[in-house]
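Remarks on the structure that follows.
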Amino acid sequence: MRKLEDYISDAFRYAFSDIKKGLVGGLLYAISGALSVFVSIVIEPGMMEGVYLEKFTTLLILSSIGFLIGLIVGFLVDGYYIRVMKTTVEGSNTLPEWNNISDLLVKGFLYTIGTLILVIIFMLPLIILFIIGIFAMAIDSSGIIGLPLLLISLLLMILLIILFILYSYLAEVNFSVKGFFGFFEFKKIFKLMSLKYVVLLILVVIITVIVLLIVSSPFIIVYMLYAAQTPSFYYEYIPSTPMIIIKLISTIVSSFVGFFMEVFSKRAIALYYKDKIEELE
């Protein structure tokens with residue numbers, strides 16, 4: 001297997017290996033981000049005050065259209081990530097084409113559904129235990145039974161979240177290769193995990209977070225400085241035009257860079273998956 005630094009360096013080179021393809025993905029992701037800002041502004045409680053029924057209906061229709069377009073673009077980009085992982089496992093060292101759009105949309109949709117099912121599977125024990133704890137506290141007012149169960153639920157939640165993160169990254173690569181049911185090959189996916197994988201995942205997450213913080217921090221600072229000079233009610237409930245513009249630009253830039261960082265992370269984990277599969281065989 002490769003060294004950790006090899007996974008990181010290869011993934012970075014790969015993410016920026018074809019600027020044209022990267023620009024397509026970055027722009028699509030930026031559009032999705034911009035639409036999410038638009039929808040969030042439209043449904044802002046303060047924006048709805050004093051709005052007549054006609055205007056409210058128009059805003060509702062526009063926000064619904066924006067949401068649907070953003071959702072479709074999201075499926076498209078997610079489908080491309082799946083293609084990135086699949087071609088990586090197959091041995092390709094170049095970014096895949098933005099073709100066969102219907103395939104990208106279907107893969108993106110299935111990816112979303114599969115991820116939601118995994119969340120339910122991993123969180124189900126926690127939900128059951130939490131409900132039992134609530135009932136126990138309602139029956140036993142002293143909390144001798146219910147309180148310990150709630151504390152156990154909290155610890156279990158932390159454990160399950162960590163486990164889900166470790167599992168989901170490899171599961172999505174397995175999905176890209178095996179199809180939808182690749183999400184649920186639990187025995188195989190847990191077998192692929194190792195200390196090297198955990199360290200690699202931590203490094204990938206840290207690098208991604210640092211890059212996104214560097215990109216977004218100037219906008220956050222400007223936003224906070226402007227907000228500090230604005231009456232609290234005004235910026236909390238009725239966003240001003242400058243604040244909306246700052247938020248919009250920040251989201252667009254962060255989303256654009258975020259696409260490249262997602263490709264970087266998918267590539268790094270897919271390379272590990274490929275090497276580990278070959279090692280086990």
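Start at 1 and count along the chain as shown; that gives each residue its number.
Glycine too: its Cβ is placed from the backbone N, Cα and C atoms.
Over in TrEMBL, the protein carries these features:
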type: TRANSMEM; residues: 21-43; note: transmembrane segment
type: TRANSMEM; residues: 55-77; note: transmembrane segment
type: TRANSMEM; residues: 109-139; note: transmembrane segment
type: TRANSMEM; residues: 145-170; note: transmembrane segment
type: TRANSMEM; residues: 197-224; note: transmembrane segment
type: TRANSMEM; residues: 244-264; note: transmembrane segment
If we skip the immediate neighbours and take only residues 6+ beyond the ends of the transmembrane segment (21-43), which ones have a Cβ under 8 Å from one of its Cβ atoms?
15, 59-60, 62-63, 66-67, 69-70, 73-74, 76-77, 80, 95-98, 239, 244, 247-248, 251-260, 262-263
Other parts of the chain folded back onto the transmembrane segment (145-170), taken as Cβ under 8 Å at six or more residues beyond its ends:
115, 118-119, 122-123, 125-126, 129-130, 132-139, 186, 189-190, 192-193, 197-198, 201, 269, 273
By a Cβ-Cβ criterion of under 8 Å, what residues six or more beyond either terminus of the transmembrane segment (197-224) are in contact with it?
4, 7-8, 11, 165-166, 169-170, 243, 246-247, 249-250, 253-254, 257-258, 261, 264-265, 268-269, 272, 276
Short question: which residues 6 or more past the ends of the transmembrane segment (244-264) have a Cβ under 8 Å from it?
11-12, 14-16, 22, 25-30, 32-34, 36-37, 41, 77, 81, 84, 95, 204, 207-208, 211-212, 215-216, 219-220, 222-223, 226
